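Annotated features, as they stand in TrEMBL:
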- B:145-207: domain 'CBS' (DOMAIN)
- B:209-267: domain 'CBS' (DOMAIN)
- B:292-311: transmembrane segment (TRANSMEM)
- B:317-344: transmembrane segment (TRANSMEM)
- B:365-386: transmembrane segment (TRANSMEM)
- B:392-414: transmembrane segment (TRANSMEM)
- B:426-453: transmembrane segment (TRANSMEM)
């Protein structure tokens, strides 16, 4: 089981090593040949695993016929970097004959000026398709759909359909479903390939079609599209406009990308990173991108310091408080972030709603209290033994209890409130939460200490 | 765009509210009726959004014919809770006729004793299938595959195949591909439904089949399976044993689950949570699960306190150091976690390997240095102005620079080393990293202060 995975990993690593070595030895003809012997997805992986400096060199060695296929497989950040360096005519060539959904995604990442240049270099049919795709906003069903649907009329027999398909020779990629429309182009049913194959030749489409199929509106949010696919285990789904006219179809391969992005989004946001951040981006770009988050953190760290500053007199009398001052905020931060992460995931999965949030709040309050008691007793014992001061143990125990309750409550209330205010809790939740647990923790600890120990 | 998403969300919330209200009013007949009017996936969502106490009540109101379908849609933690409360005979009934992959997943989560009871209650055919599925380990291709493949012989004509399929009436769910085997049951090719439809009736399977198709070995790790599916945009893939005999097929719907789980795994692990943690689990269970992580954190917080303790004399002379002592560790923690998150994701996507890790280390070193300079200048200015002490500003600036470099280096080196040692960096990386940035930060700040300010 582990063996296979190692082989796969080694295979990619070996390729990478071989190509890198050939590159640095200037064996460009050799590299060019190697790049043609592997599938586009592997070339994309190679580009993504290569520092930016070598990336453009590598790109130039890839045959231009191959460019479109590789671009489709690249992650957004890396792709945009490469496309910006291409001349518009070459880019237009690479984008030729691409599926509408991929075309929209490619062009979306480029500056408007470049998009104009590329559109002008395209032939009129491609340009029309590209403009159409771009007209739906990013993140909508229209943006991720393909327009290559096969439509049938209800009265035609299965035999005729099969003959027609045989004449067509090839069906669009990932076709599992044909669509039945009436003469106003309105979608009235779907016929799966399997039912077409198993049906008697003489019966009509109408008799085997699924009526009133579930459809996706062209302006539906892609997150909702992904949820519907997951919920119904679809391979593809028809997309209709406001008049119920069929405008395209969405296939599972594009949905898989959305599912991965959505799931990664929370993790990356919680660390203050952008989803599409390129691991091998240049130093300056990376530093700049990460600095916002560090700036916010510096601000909150200064806030915590100012709270401590209020107790300067106490701290100067009892240095031991300075030593222990970080423990309570740290525990509160971890406990609060656990709750926060769980609630953010629950929201993403659609589990958390108005009807159960009160229950969830009381649950986390109870956990916070229980956690508080457990860790208060433990830290009190450790401190009392270490510093031989029972009163000090009592003070830190009280602060721990208060902060754990605050952590549990803010971990569940913060994301719920933020969602209502339409702020992404994955992005800002963690930093606000840590500020709360820092401030409450320091106040509770140094405040109680000032009151009881001086 | 937002409208549709709101409607979807409201629809689920409204259902939930209506059912909860009916439940608390004791309108069980009404609830039972409501539960039957919605698809199994929605019933599953309802159960997952319901606190544990009401969950078993809700479960009892679901028609037993429906149990299997709902169980398939539930997340692991919630499902295990429900299955453990069912009597083995009922559970065996619910699992009847389930796909092999689903069967394996269901039984896997149960204690051995219960599995034995359930197996004994099954009819012999179901039992054989279940035992077969369980014999492959969890997390392997064999565990997630279905055994319902349709196999063809190479010499048969398309017409005969189509006639045979028409007789069968129904194809297994999500069939997009038929498999061609020789008389030793070895897989020699695949035929897609689309090519079967578009082929001329008189030609043989051999002429339209794809030879030497890419296959999945039955013991391949599911993570690798998911990577292959993503890389090749497959809808399904054949699974073969060591002798290249066809044993089953894996379909995209199961792979989607793996992709989601993998992506969520890192986020949940980094907060010290289990992937499958149920948002609505009882308080005691949740407290217990989260306590390990809090315990580890308490230990590291105490370590940081002990480092501060070394400088007690300094702290007692200069209380201002106590106030500023948390800033440098906090910034180091954030910067280090950014790098760590990025590297962990890069590893999951297969971008980070031996051949580029040296480049990555020097990149993060450079970012650490640059970050260090930027934030050192900023914090020095703030502290110098706030506390009117230029020397103090210099001290904290130096500590910041040192800690930012340490953060960048450990953020990239830690996960690489941990992966070599076969430790999951998502699980333990963050806590080790924070310990390093805490210790280095405090040492650098209080150490330099002791040296220069006293």
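Every residue, even glycine, has its Cβ placed from backbone N, Cα and C.
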Same-chain residues near the transmembrane segment (B:317-344), Cβ under 8 Å, at least 6 residues beyond its ends: 266, 270, 304, 308, 311, 352, 360, 364, 367-368, 371, 375, 379, 383, 387, 389, 392, 396, 399-400, 403-404, 406-408, 410-412, 414-416, 425-426, 429-430, 433-434, 436-438, 440-442, 444-446, 449, 453-454
Chain residues in Cβ proximity to the transmembrane segment (B:392-414) (below 8 Å; excluding those fewer than six residues from its ends, i.e. six or more beyond): 320, 324, 327-329, 331-333, 335-340, 342-343, 357, 360-361, 364-365, 367-369, 371-373, 375-377, 379-381, 383-384, 425, 429, 432-433, 436-437, 440-441, 444-445, 448-449, 452-453
Tally of residues which DSSP labels helix, strand or coil - the domain 'CBS' (B:209-267): 27 helix, 17 strand, 15 coil
Integer average pLDDT (0 to 100) for the domain 'CBS' (B:145-207): 90
Secondary structure content, the domain 'CBS' (B:145-207) (per DSSP, counts of residues): 20 helix, 17 strand, 26 coil
